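Novice: Here it is, the structure, as structure tokens.
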Amino acid sequence: MTDHIQARDKTIKKWIHDIGQVIIKEKDSYLEVEQKTAANDLVTNMDKWVEKELVERIRTAYSKDRILGEEGFGDSVKNMEGTVWLLDPIDGTLNFVLQNENFALMLAIYEEGIPVQSYIYNVTTNELYAAIKDGGVTCNGQPVEIPANRCLNEGLLATNSSIMTKDKYDGIRKIARKSLGLRLVGSAGLETIEVAKGSIVAYIATNLKPWDIAPGILFMKELGLKATQFDNEPVDLMKNNNIIFAVPKAHKEIMDLIHE
Ligand code: IPD
Ligand code: CA
Ligand code: CA
Ligand code: CA
């Protein structure tokens with residue numbers, strides 16, 4: 001790990017823990033909830049506060065870097081040149097509002113398009129997953145082992161509700177039928193972690209945004225797992241995208257099923 005990544009890793013972990021403590025302290029208080037594009041597309045004062053807080057800290061400590069954040073407090077980022085931070089202040093806002101758990105704070109850093117650091121923080125369980133380029137994956141500082149390379153019929157599959165409700169991607173049924181069962185957590189970040197831990201063999205999702213996908217790419221890479229678009233190409237982060245994060249055997253089966 002280079003010195004600048006090591007120093008930045010320490011700084012980011014402190015920021016995430018500071019901000020996480022505020023979320024925990026405030027999460028049961030009154031929430032201002034607004035609709036964005038639909039009744040199930042929400043933003044709260046907490047999503048906005050977390051993003052603003054991160055943007056302010058990044059701008060102070062790393063003023064040359066660019067920031068792409070879901071709630072719009074960063075920059076207008078149209079390419080991955082230079083150092084780009086991708087922020088999802090609360091991934092799983094519907095869960096945050098309706099369940100008070102099952103949400104994550106996510107952050108990823110890319111240097112000239114290459115993922116170098118990724119963080120997914122499960123706030124209510126206080127588990128901070130980090131992936132560092134060539135440094136592996138850890139959870140609260142402890143190494144995460146490479147998960148078993150299993151087939152669909154040996155594991156669980158996760159997906160997102162966009163596939164079931166909006167995109168009507170019928171292929172999901174035949175893929176799901178090959179697996180032992182289908183799961184929907186409602187947080188792309190937490191589902192990414194499930195793949196990394198080996199508790200599901202694949203996460204297949206449509207219409208994800210750059211900040212939903214960005215951290216997962218390095219998690220998959222560091223563990224020798226797959227992160228691709230449905231056409232098996234590397235994930236283009238500059239558009240809403242359909243992706244598969246999976247162990248290699250399940251990924252190959254999903255590819256064969258999508259393209260048969
Ligand atoms: C959403 C969650 C959800 C996924 C959606 C995302 P948000 O993120 O990750 O699981 O299905 O596509 O937009 O809006 O709660 O940060
Ligand atoms: Ca959102
Ligand atoms: Ca998200
Ligand atoms: Ca979000």
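Placed from the backbone N, Cα and C atoms, the Cβ positions cover glycine too.
Whatever TrEMBL says is automated annotation, not expert-curated.
TrEMBL feature annotations, pasted as is:
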- Glu70, Asp88, Asp91, Asp212: Mg(2+) 1 binding site (BINDING)
- Ile90: Mg(2+) 2 binding site (BINDING)
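Would you situate these features in the structure and describe their surroundings?
Specialist: DSSP assigns Asp88 (Mg(2+) 1 binding site) to a strand.
Non-local contacts of Ile90 (Mg(2+) 2 binding site) by the CB criterion (under 8 A, 6+ apart in sequence, same chain) comprise Ile23, Thr44, Met46, Asp47, Val50, Phe96, Phe103, Ala104, Leu105.
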Novice: Tell me the Cβ neighbour count for Asp212 (Mg(2+) 1 binding site), meaning other Cβ atoms within 10 Å of its Cβ, over all protein chains shown.
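Specialist: So the Cβ neighbour count for Asp212 (Mg(2+) 1 binding site) comes to 24.
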Novice: Of Asp88, Ile90, Asp212, the binding-site residues listed, which put a C-beta under 6 Å from ligand 3? Please answer none if none do.
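Specialist: Within range of ligand 3: Asp88, Asp212.
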Novice: Which of Glu70, Asp91 has the fewest nearby Cβ atoms, counting only those within 10 Å, among these binding-site residues?
Specialist: Glu70
Novice: Just how many other Cβ atoms lie inside 10 Å of the Cβ on Asp88 (Mg(2+) 1 binding site)?
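Specialist: Counting Cβ neighbours of Asp88 (Mg(2+) 1 binding site) within 10 Å gives 31.
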